[in-house]
Amino acid sequence: MRIYNLGSINWDQCYRVEHFVRPGETLMSSAYALHLGGKGANQSAAAAKAGGQVTHIGCVASADSALSKLQELGVETGGIYQQDQHATGHALIQIDDQGENAIILHAGANRALQQDWIVSQLQSAEKQDWLLMQNETNLLHESATLARQKGMQVAFNPAPMDRDLTLSLLDKLDLLIVNQIEAQDLTGASDLDTAIERMQQQAPDLALLITLGAKGACYCQGNQRHSVNAFKVDAVDTTAAGDTFIGYFLASLTAGLAVSDALPRASAAAALAVTRAGAIPSIPSRQEVDDFLARQP
Ligand code: ATP
């Protein structure tokens, strides 16, 4: 089983500054770092590191080095369209001396996908392959419809949350992946149990994977419920914890693991990720996850 991940690819350009730039000001930064990011790229990287077969479907500027970066991570990049009308998605991130940030995000090529391209990329997809999507590209409805017609399974992680869009997609999804805040925003519920109840009333066949930060995660489908605790670790940076969880979870399912086995594996990978700084560099390898699980009492 293969994962086709329709997702964003961003370059995060991080500038360390004394204070955020003011109108009319030219400000020197004291440090600069460039990282590959975007929820799409993060989740592809995580699923590939987990050992999954991952084809990323996306769009970048011609000859962007994101392609070789993703290839090095084990992601199949033939599904990434290269064009010259739009810049590759990027974020300009100012980080001040207090650690606060101010971000300009330019979606660029991420929202310039053409339907013909998606159709051609899903041509070779097989029944039971997964289409994974986040809310950082265009053509979500069209792609989910096409995937369903082909008998694929569709997973959606609605980040950033758009309530109306997510509700309108529900009948095309097999798996909805949200964190607790998103689950409650989506349903207007003040607690998790009510959120789950409302989601299940609205979409009885839909499987829900809800990540709960340091409290772990739960999976619900019909009467079936599985919960997993988070592993106790010294958290340094939770960036991409959710993306790591999702990539590992789906890759584990495609490798034939049951949900009850995929959950602790994803939780272990995400726990390792929060012990390290950054997004993609923080995602552990399969071997690291195996070693971590073997060390648990
Ligand atoms: P992000 O947006 O930072 O990627 P998220 O809000 O989508 O994260 P969370 O629910 O915060 O997702 O975290 C995802 C998973 O990461 C959790 O289900 C848990 O397994 C793991 N995790 C998060 N925080 C911790 C922590 N402090 N200790 C151990 N594991 C953690």
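Just so you know, glycine gets a Cβ as well, placed from its N, Cα and C.
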Residue from N138, N179 that TrEMBL also lists as binding ATP with T211, L212, G213, A214, K215, G216, G242, D243: N179
Binding-site annotation, TrEMBL, substrate: partner of N10, W11, D12, G38, K39, G40, A41, N42, D243 in E126, E136: E136
Among N179, A273, R276, which are recorded as binding-site residues, the nearest neighbour of A41 (substrate binding site) by Cα: A273
For D12 (substrate binding site), the one of N179, L212, T239, D243, G278 that lies nearest, given that the binding-site residues are compared by Cα: G278
Secondary structure of N179 (ATP binding site) (DSSP, helix/strand/coil): strand
